[in-house]
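Working notes for the structure below.
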Amino acid sequence: MFMSSFIMAIDQGTTSSRTCIINQAGGLVAEAREAFKQIFPKPGWVEHDPEDIWYSTQRSMRLALEKAKIKGSQIRTIGITNQRETVMLWDAKSGKALHNAIVWQCRRTQDLCEKLKKNKKEKIITAKTGLVLDPYFSATKIQWLLKNVPNAAKKAKDGQALAGTVDSFLLWKLTAGHSHKTDVSNASRTMLMNIHTGWWDEDLLKIFGVPEAILPEICPSNSDFGVTQGLGFMPDGIPITGIVGDQQAALFGQTCFETGDSKCTFGTGSFLLLNTGKKAVKSKNKLLTTIAWKLKNQEMTYALEGGAFVCGAAVQWLRDGLGLIQQSSDVEALAKTVDGTDGVEFVPALTGLGAPHWQPEARGLICGLTRGSTKAHIARATLEAMALQNVDILNTMQRDLGKKLRGVRVDGGAAANDLLMQMQADYCGANVVRPQNLETTALGAAFMAGLGAGVWKDLKEIKRVWKVNKEFKVKMTPKARKERLQRWAQALERV
């Protein structure tokens, strides 16, 4: 075993870049975060400056090393996880961005998607990618950049421009332009990769008008992606051996390695992924079929993905919009002052309904109010709604997979809320497991890189490193669960 078994996990997110130093025991040694600017040029448009992404990433790397009180030479390997779908175009020689990055939230390509739907392209796109035709994914974003950025199409044609998701841009920068690669999980979100072959698809490239030459090489998630060069604060030659998209990284960080394992990340929204093993399960309910990861010399591992638009954001709204609580963490104590909601239901469709309903025009609803209703009832109804909308997604996943869940592993900020976690277990009828380390996205990148570099020799060794904080066992009877889910379904019908 190497003396220096520290792993650096870069977690490049939507609002900040973060670096975690993880030790061989899977423990968090140090963490540093650097926020960066959000750019909104027009309503519905969201951009990031690629130089901000790169600067904030470097700064978080330096700060994490300082906090850990270690030198860059003590890093055994680097793993990268990142906001998915966000895409950029840069000069192949200088590395200078040709335009701001177009962020996953950006809706500017809605018209391009509608045009493709009218031209009957949706069926072939979904069959090859497992995705729904939507501006969320990278393909129409790259198409927009090539059409609208001066000289971009010519530079692309002449081999003078490169395109990629955030992971491939960071890799290119970390290796001083020597490596233009991505992993299967990130590539599966571009809408340009065939998830059944694991490579860029000729038909899709033609549909979106993207030349293959500008795209990175697709690799297994624990590949030898390249080595550091020219960073200054770290020596040259440190290997980068893990890349995985953020939600897939959380699935891996939760050691959801078996078919039927699932994780739920409680963030602004909630993200649920279910490991479907070697089979790309086609959803009958508009869930996304995606690649979880591919390990070297192994078959692809697939997943089903669904998300609710509003999760923690509902609690923020109670705080900022209604003024019911002073800080988000107060919601649990307030909700505990009552035994139930006393008939109050809250459907938090504040920005529409996500999976499995897909009603972007839907708006939020609080119903069942009486003179006896208090802010505590509304607080409790909010927590119940957060759990119930996840149940809708989990039940849909079970139907698509054709087998019962093996339990749910949870992470993200709201996973620290014991009352919410017990509700989640009761309403989905499966035990909920919370790990000691809730930063599972960074941990997933560290596990992947460690696997690639030989810090851990296999998935069994990684499983031994993963530690449980608490398991929430089902307490609710099947009859009570059925009645509660019926009341929720009735509230949804009123939205």
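Counting begins at 1 with the first residue displayed.
Glycine is treated like the rest: Cβ placed from N, Cα and C.
The following features are taken from Swiss-Prot:
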- T14, R18, T268, G312, G413, N417: ADP binding site (BINDING)
- T14, R84, E85, Y136, D246: sn-glycerol 3-phosphate binding site (BINDING)
- T14, T15, S16, T268, G312, Q316, G413: ATP binding site (BINDING)
- R84, E85, Y136, D246, Q247: glycerol binding site (BINDING)
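Taking the features listed in Swiss-Prot, we show where each one sits on the structure.
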residue: T14; record: ADP binding site; CB count, 10 Å: 19
residue: T15; record: ATP binding site; CB count, 10 Å: 12
residue: S16; record: ATP binding site; CB count, 10 Å: 14
residue: Y136; record: sn-glycerol 3-phosphate binding site; CB count, 10 Å: 20
residue: D246; record: sn-glycerol 3-phosphate binding site; CB count, 10 Å: 25
residue: T268; record: ADP binding site; CB count, 10 Å: 18
residue: G312; record: ADP binding site; CB count, 10 Å: 19
residue: Q316; record: ATP binding site; CB count, 10 Å: 16
residue: G413; record: ADP binding site; CB count, 10 Å: 16
residue: N417; record: ADP binding site; CB count, 10 Å: 23
Rounded Cα-Cα span from Y136 (sn-glycerol 3-phosphate binding site) to T268 (ADP binding site), Å: 17
Minimum Cα separation from T14 (ADP binding site), reported as the residue among binding-site residues Y136, D246, Q247, Q316 that achieves it: D246
Using Cα positions only, nearest of the binding-site residues to Y136 (sn-glycerol 3-phosphate binding site) (T15, Q247, G312, Q316, G413): Q247
DSSP state at S16 (ATP binding site), helix/strand/coil: strand
Candidate nearest N417 (ADP binding site) in space, where candidates are the binding-site residues T15, E85, D246, Q316 and distance is Cα-Cα: Q316
For the glycerol site built from R84, E85, Y136, D246, Q247, further residues of that chain with CB within 8 A of the site's CB center: Q83, T86, W104, R189, G245
Three-class DSSP secondary structure - G312 (ADP binding site): helix
Cβ atoms near R84 (sn-glycerol 3-phosphate binding site) (within 10 Å, other residues, all chains): 26
Cα-nearest neighbour of E85 (sn-glycerol 3-phosphate binding site) within the listed binding-site residues, T15, Q316, G413: T15
Where N417 (ADP binding site) sits in the secondary structure, as DSSP reduces it to three classes: coil
Pairwise Cα distance for G312 (ADP binding site)/Q247 (glycerol binding site) [Å, integer]: 17
When distances run from the Cα of Q247 (glycerol binding site) to each of the binding-site residues S16, R18, R84, Q316, G413, the nearest one: R84
